[in-house]
Amino acid sequence: MLALRCGPRLLGLLSGPRSAPLLLSATRTCSDGGARGANSSSGNPLVYLDVGADGQPLGRVVLELKADVVPKTAENFRALCTGEKGFGYKGSTFHRVIPAFMCQAGDFTNHNGTGGRSIYGSRFPDENFTLKHVGPGVLSMANAGPNTNGSQFFICTIKTDWLDGKHVVFGHVKEGMDVVKKIESFGSKSGKTSKKIVITDCGQLS
């Protein structure tokens, strides 16, 4: 069971095969959207997630992946967006959304927080903790403890510096933070969403 500590409360979040604990300790092709190798001005890949809620489109989130800092983690996410390995994020859900904290997704096998896999196998090690959870829009890996990264990820909606050194930050929202806020609006303190929030399409931008 994935344990997410919010202040004195412990919120259960399921992640990983065998319901391994995904620890978010808190104190308070998918289709290809264009040519391969699309980059931001920094030379890092840009990917997109098109998101809908109960069948209604919410919009597009564009993410810059920090391949210059965490290349292996960034490549995992990029390939899961394009679906080039035969599996990926398209059709999966934001299964856990906690307002004033984060929006979690990436379980494309079980769709409830108990599954997912990386392009390197079931799990891969923490690459580094160079990047920090500095504020809204930070893109970070969910995990079940040290060196258990798979496909689940979360987008922060506040600064979450208590997660530094525990979760690998590998990107940030470049465009579409308004869409992230819409996703957040369907969340709850327990993490259960009031609508089914689906990644309807995803890929790499040209």
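Residue numbering: from 1, along the chain as shown.
Each Cβ is built from the backbone N, Cα and C atoms, and glycine gets one as well.
Per Swiss-Prot, the feature domain 'PPIase cyclophilin-type' maps to 48-204; the stated evidence is sequence analysis. The N6-acetyllysine annotation in Swiss-Prot covers LYS66, LYS166. Swiss-Prot lists LYS66, LYS85, LYS174, LYS189 with the feature N6-succinyllysine, giving a large-scale study or a structure entry as the kind of evidence. The S-nitrosocysteine annotation in Swiss-Prot covers CYS202, and the record cites experimental evidence as its basis. Per Swiss-Prot, the feature transit peptide maps to 1-29; the stated evidence is similarity to another entry.
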| Would you say which of the modified residues LYS66, LYS174, LYS189 has the most Cβ atoms within 10 Å of its own Cβ? | LYS66
| What residue among the modified residues LYS85, LYS166 has the most other CB atoms lying within 10 A of its CB? | LYS166
| Rounded to the nearest angstrom, how far is the Cα of LYS174 (N6-succinyllysine) from the Cα of LYS189 (N6-succinyllysine)? | 27
| Could you give the Cα-Cα distance between LYS85 (N6-succinyllysine) and the residue listed as 'S-nitrosocysteine', in whole Å? | 14
| request: Out of the modified residues LYS66, LYS174, CYS202, give me the one sitting nearest to LYS166 (N6-acetyllysine) by CA distance. | output: LYS66
| message | On average, what pLDDT score does this prediction assign to the domain 'PPIase cyclophilin-type' (48-204)? | response | 98
| note | LYS174 (N6-succinyllysine) sits from the residue listed as 'S-nitrosocysteine' (Cα to Cα, rounded, in Å) at a distance of 15
| remark: DSSP output for LYS189 (N6-succinyllysine) maps to coil
| task | Look up the residue listed as 'S-nitrosocysteine' in the DSSP assignment and report helix, strand or coil. | result | strand
